[in-house]
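Written out below as structure tokens is the structure these notes cover.
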Amino acid sequence: MLQNFIITFRETLEAALIIGIILSYLARIKQTKYNNVIYIGVAAGIIASIIGALIFTEIAGGFTGRAEQIFEGVTMLIGAALLTTMIFWMMKQKHIASELEHKVSTELNEAHKFGLFLLVFVAVLREGIETVIFLGAASFVSTGNSLTGSLAGIAAAVLLGYAIFVGSMKIDLKKFFNITSVLLILFAAGLVAHGIHEFEEAGIIPIVVEHVWDINSILNENGLVGSMLKGLFGYNGNPSLIEVLSYIIYVISVLIFWKNIERVHKEI
């Protein structure tokens, strides 16, 4: 539940910030007559995302046995890849507000209402499809009331986004995204490790060492605390050697890349 909250909260807040920046810019240049185009783009993006979720659910329910293990493994690795690109994308968006305003200004100058609609539609759809894949991957790792966590994350992000843009709440967005990025990196590492686990069970990847350790007697991965850690950070009480290595290599690689991005930003 908690991992679903974090995912939907982060994704929805990103979309809310993008929409908020565009609406604020339109208000500043006295072009609020285009607000309806923005709202239609948001609605269309949400509807398209829901359709994507239904298609994903239908496809996911059609696999059994080895095919199911392969599908789950692929979904987890895709989810981890998308999470990684999303984290890096936000790190690089030092001038996201000015870039969005430039895109909006270009569309307005060319009187392209459809271009403005498409800008918003694609932004919302991208976040929506990413969320569908993330939640699908998360559902393979843990059990629980995922819908409650997802809806709570969406509601909290919408409220926070609104509060930020009406000026009633100040928040250090860089610090916020840094903290959530760390959580998402660990979550993505868990997806990578569990994806590897599914491939091992399907016989695609050989099991070199089946259990590097087994501490389920101390902290069972199916217990209350263990299942929470499993859903959030990919905890496994008895992981294989390749699972452990994939987790460690992923985390180290991402942190090194993050450090390089921070260094480049300081030099600019």
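Just so it is clear, glycine is given a Cβ too, placed from its N, Cα and C backbone atoms.
According to TrEMBL, the protein has these features:
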- 6-26: transmembrane segment (TRANSMEM)
- 38-57: transmembrane segment (TRANSMEM)
- 69-90: transmembrane segment (TRANSMEM)
- 116-141: transmembrane segment (TRANSMEM)
- 147-165: transmembrane segment (TRANSMEM)
- 177-196: transmembrane segment (TRANSMEM)
- 240-258: transmembrane segment (TRANSMEM)
Contact between the transmembrane segment (116-141) and the transmembrane segment (240-258) (3 or more Cβ pairs under 8 Å, separation 6+): no
Candidates 38-57, 177-196, 240-258; stretch with most C-beta pairs under 8 Å toward the transmembrane segment (6-26): 177-196
Long-range environment of the transmembrane segment (177-196) - Cβ separation under 8 angstroms, sequence gap at least 6: 3, 6-7, 9-10, 72-77, 79-80, 83-84, 86-87, 90-91, 137-138, 140-141, 205, 230, 232-236, 239-240, 242-244, 246-247, 250-251, 254-255, 258
